[in-house]
């Protein structure tokens, strides 16, 4: 793609998200979300591959549906209450419609079915943008409309953690596994949103770091399915030693960074007398942990046959920048001791 066009599209992505962040009026927030959607579609379709075009079309249709529902809900709220302000969502019908529209936009279960299919049709770089940057604007709106209906958020959260764990069990494609992983992590964020928005922000931050690290590892190895992970030893042995830690951090095992948000969320749910929800969420995390362990096994304990034709491509140096990978990997593995600092910053 022409670098000028690429720069324009990336600026459009940044502008759309910034407009949504800065807006207090529903129309302006909707406009930001639309700019965001329109900027990423050319990036998704740049491969000129039928799968990429199909993914772009599916993404456009789901995002357009979400945006239309959001606009309808905000208009309904203005009609019923006379308010266009985002933080003045007082009518339950309008609030519920907004939550469902934003859930469709980020890929929360049961409105998640587009996400694995879309992510599977994209290259890993665009998939990384879709899994990280594109979640920010809808989440900014979700945080602003709190307190919302508690029941719908808890149901969405538990359903997402369950579906995210269950859906990834039978997958062999890495991008689909990461899509279900994304749904499960978003479920944890939504679960705690009404009780502690700052904790949701912390969970979102750790999710962004861990997912970026995982996508960059797969991009460095040029891996798109589980079998291709077996060639990692020949490409980057030092990185292959660290990848199990990244994946187990995504699964939420101590003493890794991913344990921090899950620990704090379970603690907060217990404080709110929601022990059954906390127990269910903890059990669904085991499902996700299983498929992360599958990836770990495929990457570190299986060796690909070293035939002569396959050896040469493995030895080619990668042109990928390794600084982002090094930074995110370090953050994914080693941030747990900073938990008290994080809590102090969040409670300011």
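Here, residue 1 is simply the first one shown, and the rest follow in order.
Placed from the backbone N, Cα and C atoms, the Cβ positions cover glycine too.
What TrEMBL says about a protein is an automatic prediction, not a curated fact.
Annotated features, as they stand in TrEMBL:
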type: DOMAIN; residues: 23-286; note: domain 'NADH:quinone oxidoreductase/Mrp antiporter transmembrane'
type: DOMAIN; residues: 289-343; note: domain 'NADH dehydrogenase subunit 2 C-terminal'
type: TRANSMEM; residues: 60-80; note: transmembrane segment
type: TRANSMEM; residues: 92-116; note: transmembrane segment
type: TRANSMEM; residues: 136-165; note: transmembrane segment
type: TRANSMEM; residues: 177-195; note: transmembrane segment
type: TRANSMEM; residues: 201-221; note: transmembrane segment
type: TRANSMEM; residues: 233-254; note: transmembrane segment
type: TRANSMEM; residues: 274-293; note: transmembrane segment
type: TRANSMEM; residues: 323-346; note: transmembrane segment
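Mean pLDDT, taken over the domain 'NADH dehydrogenase subunit 2 C-terminal' (289-343), works out to 79 on the 0 to 100 scale. Here the transmembrane segment (323-346) sits against the transmembrane segment (233-254); at least 3 CB pairs are under 8 Å, leaving out pairs fewer than 6 apart in sequence. For the transmembrane segment (92-116), the partner stretch with the highest count of Cβ pairs under 8 angstroms, out of 60-80, 177-195, 233-254, 274-293, is 60-80. Sequence-distant contacts of the transmembrane segment (177-195) (same chain, six or more residues past either end, CB-CB distance under 8 Å): 103, 106-109, 112, 115-116, 118-120, 127, 131, 135, 139, 142-143, 146-148, 150, 153-154, 156-165, 167-168, 171, 203-204, 207, 211, 214-215, 250, 261-262, 265, 268-269, 272, 277, 281, 284-285, 288, 291-292, 295.
Tertiary neighbourhood of the transmembrane segment (233-254): same-chain residues 181, 210-211, 213-214, 217, 220-221, 261-263, 285, 288-289, 292-293, 295-296, 299-300, 303-304, 306, 311, 314-315, 318, 325, 329, 332-333, 336, selected by CB-CB distance under 8 Å and a gap of 6+ residues from either end.
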